[in-house]
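A short write-up of the structure that comes next.
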Amino acid sequence: IEKVIVAKHEAYAHGLAETLAPLIKAAVEAGKFTHVVAPHSSVPRSVIPRLAALLDVSPISDITAVESENTFRRPIYAGNAIATVESSDPVKVITVRSTAFEAAPTSGGKAATEPAASASTETSTKWLSEEIAKSDRPELGAASVIISGGRGLKNGENFKILYDLADKLGGAVGASRAAVDAGYVANDMQIGQTGKIVAPALYIAVGISGAIQHLAGMKDSKTIVAINKDPEAPIF
């Protein structure tokens, strides 16, 4: 890292996409940057499309490989195919599937700082409040062990079995979209194409049939253990 651009304004305190996108656009134009890269997680998935629209470029989402400065690979059809995408836009606006890349080694060093270019903070969106789930278990994206439950658990009370196992293994607890839609658990536990993308060392799927959208979110796990009474379930 050579330089850190610092923006200080109360409008950025809660990370609203409607104010962050103009801020990043101003920074890109002031610094004449050619690439904007963000993880393919919840906040960037809201900010990046807005930024791309402001810059009048096409965003490239969820890349898993870099072929060149203009060419990238990304999964399509819920991970059943890989598309190679080449961009001719002057600014590449990209989200990255972090589980597809090895973490860069950390090292000490210094980086220069400079104030961010000014940008409009006017928006019709108003921040009201937030609810943060608190847990002693590791966050899903960083956990080395994840135990996930599906609709096969029948109800939310049976997730206690998974919580107890996760506590013994030092892991996190996730869920399929079917379990979330059924109201068994909160949606911040959802793993899959429309939830969180994970790649733990050990992934235990309990009562999850293995819909293609769920597999897209955990197929890069090092070891997958599936518990399901249906021997024909796609999870196998």
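Positions of Cβ are set from backbone N, Cα and C atoms, glycine also.
According to TrEMBL, the feature domain 'Electron transfer flavoprotein alpha/beta-subunit N-terminal' maps to 2-136. The region 'Disordered' annotation in TrEMBL covers 104-125. The compositional bias 'Low complexity' annotation in TrEMBL covers 111-125. Look at TrEMBL and you will find Arg151, 176-177, 190-194, 207-214, Asn228 tagged as FAD binding site.
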Sparsest Cβ surroundings (other CB atoms within 10 Å) among the binding-site residues Arg151, His214:
Arg151
Ile208, Ala211: which of these binding-site residues has the sparsest Cβ neighbourhood within 10 Å?
Ala211
Among Gln190, Gln193, the binding-site residues in question, whose Cβ has the most other Cβ atoms within 10 Å in this structure?
Gln190
Where does His214 (FAD binding site) sit by DSSP, helix, strand or coil?
helix
Using DSSP, tally how many residues of the compositional bias 'Low complexity' (111-125) sit in helix, strand and coil.
0 helix, 4 strand, 11 coil
Reduce the DSSP letter at Gln190 (FAD binding site) to three states and note it down.
strand
